[in-house]
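Record features, source TrEMBL:
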- 14-126: domain 'PX' (DOMAIN)
- 402-413: compositional bias 'Basic residues' (COMPBIAS)
- 402-510: region 'Disordered' (REGION)
- 422-434: compositional bias 'Basic residues' (COMPBIAS)
- 448-478: compositional bias 'Low complexity' (COMPBIAS)
- 479-494: compositional bias 'Pro residues' (COMPBIAS)
- 512-531: domain 'WH2' (DOMAIN)
Amino acid sequence: MAFMEKPPAGKVLLDDTVPLTAAIEASQSLQSHTEYIIRVQRGISVENSWQIVRRYSDFDLLNNSLQITGLSLPLPPKKLIGNMDREFIAERQKGLQNYLNVITTNHILSNCELVKKFLDPNNYSANYTEIALQQVSMFFRSEPKWEVVEPLKDIGWRIRKKYFLMKIKNQPKERLVLSWADLGPDKYLSDKDFQCLIKLLPSCLAKPKDPFLRKYCNPKKIQGLELQQIKTYGRQILEVLKFLHDKGFPYGHLHASNVVLEGDTCRLLDLENSLLGLPSFYRSYFSQFRKINTLESVDVFCFGHLLYEMTYGRPPDSVPVDSFPPAPSMAVVAVLESTLSCEACKNGMPTVSRLLQMPLFSDVLLTTSEKPQFKIPTKLKEALRIAKECIEKRLIEEQKQIHQHRRLTRAQSHHGSEEERKKRKILARKKSKRSAVENSEEHSAKYSNSNNSAGSGASSPLTSPSSPTPPSTAGMSALPPPPPPPPPAAPLPPASAEAPTRLPPQAVNGVGRGALLSSIQNFQKGTLRKAETCDHSAPKIG
């Protein structure tokens, strides 16, 4: 049983598969120890970040708890004397940052409850085993036939999914395994449709003998298989996936822990995970690739991971995989390249039917009894279709945000590179020189045009000394200084009404322009003399 009869109306909106990143921002030394200020961020959103303070003893306690994994983690060693020196603290901070990078980039460790509590105590401080035990005990109060024996700790990778050992009171020697989980962020089914589908699952679920022992006590049985086993088990898994997708049933939870081997038969477990809304184990991988945006493509991508483990006995170090080690057959490599290579991740996954037609699986025959029988009513099919679209929509939105963030990060990194800075400096210098040359040419052209206009008597009327107009001073600072004035010329005769004032001949050429401007600037109205005129315009009386 993997659900309660009356599931809670709410669901956990926090996606536990979203990776956490941590960066040590500073350190502060107190009287007897040093504290490290760490900035933790969930996903790509800078706003979704917070600060935590940790001592070296906190790191050491976490590292001791993670030794059960058997991994060699690069925690800096202890130092009893001189551990408060500034140089030592700076060196230790670098080592602790490297330690954080290792545990946050490891797919298994990053999803570990211990690491989550260390980096995000606000969201992961609860005792999930105790909460699950309370919920299960409350449910079985009305079921006197069953009895909860004990919680099964350290099973599974999910933080909010717990397992319990159960027994029937009338059959005390028989033991069964019960799984309990919170509703996840991808739960879009109504409670009524959810319960109806859960009731249909027993007709499709396999019941292998001792599934608990096969699943948890021998996890490496699916890893490092022979070629014939790879072909047989791979074909069976693909047939189940094809059957589920033909029925419109979402899965998305294919990985080594959800596969049980019983003789020559391979069975899938935890089909209810998609109904519960739990995100996929490999979500942090395929959310990086925008072409993996349907549940079928997700299952094909996860099948590539499983096939890699079946072939080489270990999961891939990173995805996409650039080159594959030697395999028992080139047909295996061909399937892996179609699901895990860089080209496949960028261009899209093949369909399940296409994988079944590949040479590795095309010659494997299955008996009719091995194919599951599962019928879904039409109304439930429509509910599943809507829920499936909602799951894919959330995935597409997340992939779009990751893609935009990646483009922005690349642009900022490129813009801030040393080579790009040098290019910008060179371009700025060239632009400055070009601008200076253009300004100089523009000023020269203006100066030449003003000379031509001053030397042309027909283009603009001359100004009479009797009504001078002060020249405009705008832009005079940008013009070159005028040439020195020529020797003073003879004074002009007084102006009369019969003869208009005319400029001397030397004022027409370019040299006399300076003298004209100088005389206009130095003109004073007080130096004018009154002229005597004889007015003959009055009428004559005879």
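Using N, Cα and C of the backbone, Cβ positions are placed for all residues, glycine too.
Those TrEMBL annotations? Automatic predictions, nothing curated.
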Per-region confidence, the domain 'PX' (14-126) (mean pLDDT, whole number): 92
Residues of the compositional bias 'Basic residues' (402-413) by DSSP state, where helix covers H, G and I: 12 helix, 0 strand, 0 coil
The domain 'PX' (14-126), counted residue by residue under DSSP: helix, strand, coil: 45 helix, 26 strand, 42 coil
